[in-house]
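> Take a look at this one; I'll ask things after.
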Amino acid sequence: MKKIITEYLKPFYGRMAIGVFFKFTGSIMDLIIPSILALIIDQVIPLNQKAPIFYWGGVMVICAIVGMVFNIIANRMAARVASDATEIIRHDLFARVIYFSNHQMDTLTKPSVISRLTADTYIIHQMIIRIQRLGVRAPIMLVGGIIITMTLDPGLAMVLIGIMPVMMLIIILVSRKSMPLFAGLQQALDGFVRVVREDINGIRVIKALSKTDYEKNRFDTINTDVVNREKKARMTVAVISPAMNICLNLGLVSVVVVGAYGVNNGTSEVGIILAFMTYFTIILHAVLALSKLFEMWPKATASADRITQALDSVDALAVLEWPEDPEADAANLVKFDNVTFSYNKEEPNLTNISFTLKKGETLGIIGETGAGKTTLLNLLMRLYDVDEGKISIAGRDIRSMDPRELHQKFGVVFQNDMIFEATIEENIDLGRNLSKEAIKKAIVCAGAKAFVDEKADKSGEQLTIKGANLSGGQKQRILIARALAASPEILVLDDASSALDYQTDAVFRKAIKENFGDTTIIIVAQRISSIRHADHILVLEDGVAIGYGKHKHLMKSCEIYREISHSQMGVSSDATITEI
Ligand SMILES: Nc1ncnc2c1ncn2[C@@H]1O[C@H](COP(=O)(O)OP(=O)(O)OP(=O)(O)O)[C@@H](O)[C@H]1O
């Protein structure tokens, strides 16, 4: 919470101070009205003169109007400050999250990041409003009320003072108990978001595999957990309100009894008792309001901590100093030098991988599922750091490059990449302000022109979220066009052609060779036909390179490669095979 208050609210301290002034003045007005009423009853009415009654009545009305206007102004200012501050928090959080390394995202998890950006920032927004409204008004009404009641009738004020510690104790005990309950609830909500996200994303496969009942049970379990935690937390804080009401009513009864004795003995007056009862209600409402703040505080603290944790999350992938190396191997655009990597730092997922690619060359990577193909690409784009060895681009260790500079070199199509709810053109451009010509060229090379031209608005056609109004192959072509559009130095295609038929795949590769001759290409493919003409082919098995070379060489030297080739293209598959 400290960061939110000292960093994010700091620019609003001035506006908040003005708001506090209005709230303070408005509250003081509300506070003096019962005293004026007591004065009118006990001292003005007995005079039997109209003028003083109208005078003091007028003062009461003015106080009420000023109080109302000032409170409205203060509330509106509080709402604006809360919205503006939350906007900045959300902006900073999103700006941080969008540059998270994969390691950071793995640590915080995606559902948790989503709820930090949505639910947690909303809770902070509510808290900022309440602090400025109740947080100012309640203490003024409480302290001001106590002072006035002490001056009105010190004896009666003792009733009030006797009840206060009981109320404070209730609030402290309940808050202590509820704080960890709300933190646990927030965590359960993260799990809930994860399950909902998985179910909605995977709704097709869930139906296809008749897993609906299983998923329903899984959802019910997490839903019940959230409900139970919510119930427990709410039941705990639910004690506060009725307990406060009991205190209020017992206090009022005591005031009436003690006050009645006072009036009978002539030590007190009816107007004072009336005013006292109003102050009593005001004070106890102030305590109730403060208790609501205390009730919200643990939730807001938990949310603020979660937001701060994401904001302060350190990127383990620091940019290293780059000592200029005159012997740097600039001729080799991409170089893997004995690279070893493990996600869990126990079992290696890639072991001693080495290869070099010159500008314009193509590398094909093939291997069974889980062999480490995507991992190799993740390392190349420094989504994770190597454990041993080095990856360099144009002779420079990628760990010494600014992440933006590094990523600008790439055009990438990953498996299941995202299509956004935007036009085809915007999906390809992706905010990079590319020229219309570059986008058109990319559409043609990706083999997307025919279906884009069929759309009513051509490349201005609006796509639905995740490209739901496109076929699998059409989506793939849009993603390929996106990767090509900025004419990248290195084009990475992770199983990008799997949704294309053989013929389109071949046409696509030919178009890339013709139009992006200088681009170095890395293709991860399941199909031999997609990579057999590559300058180099890397065969991976369990993270180890079991074959490296051209198609012809591998057909002779690598048994696994030969087997894959035969299983896909028949035993006659060799260097002379006619391309499909
Ligand atoms: N974020 C991750 N955390 C932990 N382990 C991971 C992570 N990503 C991948 N792995 C593991 O690393 C290994 C290699 O995965 P990778 O995705 O590189 O395989 P792949 O060859 O691309 O497979 P596929 O062809 O199925 O996409 C697998 O055993 C996988 O379980």
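A Cβ is built for glycine as well, from the same backbone N, Cα and C atoms used for every other residue.
Automatic, uncurated: that is what TrEMBL annotation is.
Since we're looking at a predicted model, the values are computed, not measured.
From TrEMBL, for reference:
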{"type": "DOMAIN", "residues": "17-299", "note": "domain 'ABC transmembrane type-1'"}
{"type": "DOMAIN", "residues": "334-567", "note": "domain 'ABC transporter'"}
{"type": "TRANSMEM", "residues": "20-41", "note": "transmembrane segment"}
{"type": "TRANSMEM", "residues": "53-74", "note": "transmembrane segment"}
{"type": "TRANSMEM", "residues": "134-150", "note": "transmembrane segment"}
{"type": "TRANSMEM", "residues": "156-174", "note": "transmembrane segment"}
{"type": "TRANSMEM", "residues": "237-264", "note": "transmembrane segment"}
{"type": "TRANSMEM", "residues": "270-290", "note": "transmembrane segment"}
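Show me how these features fit into the structure around them.
Among residues of the same chain six or more beyond the transmembrane segment (156-174), those with a C-beta under 8 A of the stretch's C-beta atoms are 146, 149-150, 236-237, 239-240, 243-244, 247, 250-251, 254-255, 258-259, 262, 268, 273, 276, 280, 283-284, 287, 290-291, 294-295.
Sequence-remote contacts of a segment are chain residues at least 6 beyond its ends whose Cβ falls under 8 Å from one of its Cβ atoms, and for the transmembrane segment (237-264) they are 153, 155-156, 159-160, 163, 166-167, 170-171, 174, 178, 270, 272-273, 276-277, 280-281, 284, 287-288, 291, 295.
Below 8 angstroms of C-beta separation, residues 30-31, 34-35, 37-43, 134, 137-139, 141-142, 145-146, 148-149, 152-153, 156, 160, 164, 167, 171, 240-241, 244, 247-248, 251-252, 255-256, 259-260, 262-263 of the same chain, each at least six residues beyond the ends of the transmembrane segment (270-290), sit close to that stretch.
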> What residues in the same chain, six or more past the boundaries of the transmembrane segment (20-41), come closer than 8 Å to it by Cβ-Cβ distance?
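For the transmembrane segment (20-41), the nonlocal Cβ contacts are 53, 56-57, 59-60, 63-64, 66-71, 73-74, 77-78, 132-133, 136-137, 140-141, 144-145, 148, 152, 269-272, 274-275, 278-279, 282.
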> Would you mind giving the whole-number mean pLDDT across the domain 'ABC transporter' (334-567)?
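Taking every residue in the domain 'ABC transporter' (334-567) and averaging pLDDT yields 88.
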